[in-house]
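Read the structure below first, then the notes.
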Amino acid sequence: MPVYTLPELPYDYSALAPVISPEIIELHHDKHHAAYVKGANDTLEQLAEARDKEQWGSINGLEKNLGFHLSGHILHSIYWQNMTGPKDGGGEPLAADGVGDLADAITGSFGSFAGFKAQLTKAAATTQGSGWGVLAYEPLSGRLIVEQVYDHQGNVGQGSVPILVFDAWEHAFYLQYKNQKVDFIEAMWAVVDWQDVARRYAAAKSRADVLLLAP
Ligand code: MN
């Protein structure tokens, strides 16, 4: 039995159009995300084999692969749920929609929603090579932070919990947006599901002592 499995999409391939085309969603989920799931499972098997044989010559590569594939699987699993059709998504979190705690946390951490949106847009759109823009709950301070993630796993504050992720890899947009990565990231805001982000914020905050660093 594999440890990790590919989650079903919470909508059909065309649900995010015109922001993201059905062709991109199908390839992205069924091929790219699936490859990270397989990579994480394969790497765990290879590590088990290394332990059995006490052969550690590939340990550096295996640990790197584990971080890469596992993080890819986790970020994509969040990514699909962070989005909803343009009819239901977008705008900004509002107390009237039941997501006032998230709205307050964004304002408290970034000064304003506009400031937060500008920072996350810039962080995602200026990734060098492949990466992500991520809004994360940072449990030591109890604040929200924006991270510019390299590949799937680099440049991350340990213990921070991703709650809104923008995939800035070329596979996420190139078939539709060509080289206009910033246009893709700006369009993405129209399909953000703030209910999902708020649910993730509440869950992360409720486990705020997870690092056990406070006295
Ligand atoms: Mn991706």
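Just so it is clear, glycine is given a Cβ too, placed from its N, Cα and C backbone atoms.
Per TrEMBL, the feature Mn(2+) binding site maps to HIS28, HIS76, ASP167, HIS171. Taken residue by residue with DSSP, HIS28 (Mn(2+) binding site) is part of a helix. For HIS28 (Mn(2+) binding site), the Cβ neighbour count at a 10 Å cut-off comes to 23, with all displayed protein chains included.
The annotation domain 'Manganese/iron superoxide dismutase N-terminal' is assigned in TrEMBL to 4-84.
Marked as domain 'Manganese/iron superoxide dismutase C-terminal' by TrEMBL: 100-200.
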Neighbour count (Cβ, 10 Å) for HIS171 (Mn(2+) binding site): 14
DSSP three-state assignment for ASP167 (Mn(2+) binding site): strand
Local confidence of the domain 'Manganese/iron superoxide dismutase C-terminal' (100-200) - pLDDT mean: 98
Neighbour tally for ASP167 (Mn(2+) binding site), based on other Cβ positions within 10 Å of its Cβ: 29
For the domain 'Manganese/iron superoxide dismutase N-terminal' (4-84), the number of residues DSSP places in helix, strand and coil: 56 helix, 1 strand, 24 coil
